[in-house]
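Here is the structure we will look at.
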Amino acid sequence: MPAKDEGKDPKKKSATVCGFPISIFFIVVNEFCERFSYYGMRAVLVLYFKYFLRWDDDFATTIYHTFVALCYLTPIMGAIVADSWLGKFKTIVYLSIVYTVGQVVLAVSAIHDITDTNRDGTPDNMTLHIVLSMLGLALIAVGTGGIKPCVSAFGGDQFQDHQEKQRGTFFSIFYLSINAGSLLSTIITPILRGQECGIYTKQKCYSLAFGVPAGLMVASLIVFIVGSGMYIKTPPQGNIMVKFFTCIGFAIKNRFRHRTNEFPKRTHWMDWAEEKYDKLLIAQVKMVLKVLFLYIPLPMFWALYDQQGSRWTLQATNMDGDFGILTIQPDQMQTINAILILLLVPIVESVIYPLIAKCKINFTPLRRITVGMFFAALAFIAAALVEIQIETRSVHDYFRPANVDNYDKSVLHYQEIFISLQPEILLLPSIKKDIEKCPPARFFNGLDSDLNVTIGNLDFGDVSANNMSVYVGVPKGSAQFKIKSAAEECVYTQELGFGSSFTLIIPPTFLECNLLIRPVLDMEQNSFHMAWQIPQYFLLTLGEVVFSVTGLEFSYSQAPSNMKSVLQAGWLLTVAVGNIVVLIVAEAATLQDQWAEYVLFASLLLVVCVIFAIMAYFYTYIDPAKIEAEFAQIDPKQKEKRRNSRKDSVEQHKEERRSSDSSYDNEEQKQTRI
């Protein structure tokens, strides 16, 4: 049952500043804070799964894309609730509260101290952290998705009919606030994640990285509520999506009821809704279905695009982020996308498209979408080439000495000992997949007594005789290890590069430990730079600009005046389905190499690109306004006459059938009696 009203006259005049309603400033600030909160949380999410919850890359990718898919499935629910029941204002407030609670729960789940009873820096009850994380993400998905279709439309409601110019400017500022929130959050939250925090032990501060977005969401909600008295609140008037689906449902049901050959065929299967619905609504539904049919191949583009936050971020963890004066975190590479969007949109719109037009090339919207998919496929081929370089950087024997000149047979002797003691180290190539789980240095104690090894505040613990210590993470640079035995002590210096891993072999005597200790290179320094990811980000962002902006423009131009929201919901649904495609491929494909998965996704998109090009070739562009005008000119009495005529025709067929059946039954009874 729709709400009576949202408490305000929709025709009231709002106070203005420079011709703009004051209320829209609250809405713009609200959107900036909300987008900062969402993209900031999402930027570090896959690394939280991998390094805090200790999930492998595939499972972290699966959960990440499940979350994104839910975020793009819930907008349909939000639109229906807002237009049919609560109205936009109440829907935004209620779901923002759900959203805020979700962000707070997620931030709490990232506090390792709450279950670290033995104070070793590792949560002892990981199940609790996982449950809280999943609960928080579920609430966030409902909240962010539910308010997505409401906020921009609510902002548009604040303008009067004579403020068309100001309304257009508002939408430009609104989308600028989205990009600004996204850009700043993807820079700031990875920096916050890189800090160390904790009550008992210091660990990567995921709680702070999630806590700041939670604070921004609280601010977003407060700002929006503060402006309540200034808003124009339009009461709910029924949701066009409900009418859209009920019209389709009736047409299918009616067609099924009259599926026999005795009923005359109709031009289009939607014409079977004429007994109940107006011809104008049916024509509008036909136009929408025609565009939605073209949407079928589009999810494949989003399947590739949204892997920026999952696979590409994980790829960056295995690359060198040292840019000289600053070090880039793996999750900060996503910032390139936001920066390139701001640069490429005006260049493409103002330079590229006009040049193509001057060359007399008919670069239609559907052709642009096809080209956008092609660029995305090229981006994943570039990502595959980068991955090949990463995976081939350590093809050596993992037990060769780092200093070949000082190599001697004693090293081989101790290598044989610790290989026999710890055979799992033969799996060392996996280190390059997970640097944080397999930190870079460990010691083999070749003495007859126990050793204690420390570096600063880091302690390798007591290493027993003829045994191996655990790996301990050591900052890159010149590391000075203090080695103590019962009788002697020395300091050993080893240069550690980014991503390198060493086993340091201590011989039976080590008075001159810098001369006698043998470093064995488990994995080479990671010298392949993150800058090599820039080409793939450039290609993907160029594809996004050509694909996404054009797709929205095409959908708007081909949609009936009252069903643009239906196509917007359909567009968002393609994003959700695209993330589901990632889940299916990530789980179904049994590819051992990540580069092969990139090539698989690129190949799938190229196939889809060809299919879409064929579909686009046969598509006929329409003018929805012209079609709607034709139906609007039909006299209402004539519409009712046509509808009744259609009903009478159906009833006549039914009566003839009943009459025929009755005559047949009477004749059969006569024959039986005879």
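Placed from the backbone N, Cα and C atoms, the Cβ positions cover glycine too.
Some features that TrEMBL has for this protein:
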- 646-660: compositional bias 'Basic and acidic residues' (COMPBIAS)
- 636-674: region 'Disordered' (REGION)
- 12-30: transmembrane segment (TRANSMEM)
- 65-86: transmembrane segment (TRANSMEM)
- 92-114: transmembrane segment (TRANSMEM)
- 126-147: transmembrane segment (TRANSMEM)
- 173-193: transmembrane segment (TRANSMEM)
- 205-232: transmembrane segment (TRANSMEM)
- 287-305: transmembrane segment (TRANSMEM)
- 336-357: transmembrane segment (TRANSMEM)
- 369-390: transmembrane segment (TRANSMEM)
- 534-554: transmembrane segment (TRANSMEM)
- 566-586: transmembrane segment (TRANSMEM)
- 598-619: transmembrane segment (TRANSMEM)
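With a cut-off of 8 Å between Cβ atoms, the residues of this chain six or more beyond the transmembrane segment (65-86) that come close are 1-3, 42, 45, 92, 94-95, 137-138, 140-142, 144-150, 236-242, 306, 309-310, 565, 569, 572-573, 575-577, 579-580, 582-583, 586.
Counted over residue pairs separated by six or more positions, the transmembrane segment (336-357) shares at least 3 Cβ pairs under 8 angstroms with the transmembrane segment (534-554), which defines the two as touching. If one looks beyond the transmembrane segment (534-554) by at least 6 residues along the same chain, the residues whose Cβ comes under 8 Å of a Cβ in the stretch are 291, 298, 301, 304-305, 308, 312, 333, 336-337, 340-341, 344-345, 348, 365-366, 368-369, 371-376, 378-380, 382-383, 386, 571. Beyond the transmembrane segment (287-305), the same-chain residues lying 6 or more positions past its ends with a Cβ under 8 Å from any Cβ of the stretch are 244, 248, 270, 366, 369, 372-373, 376-377, 379-380, 540, 543-544, 547, 551, 554-555, 558-560, 563, 566-567, 570-571, 573-575, 577-582, 585, 601-602, 604-605, 608, 611-612, 615-616, 619, 622, 624, 627. With a cut-off of 8 Å between Cβ atoms, the residues of this chain six or more beyond the transmembrane segment (173-193) that come close are 27-29, 31-41, 43-44, 47, 152, 155, 204-206, 208-209, 212-213, 329-332, 334-335, 338-339, 341-342. When each of 92-114, 126-147, 369-390 is scored by its Cβ pairs under 8 Å to the transmembrane segment (205-232), the top-ranked stretch turns out to be 92-114.
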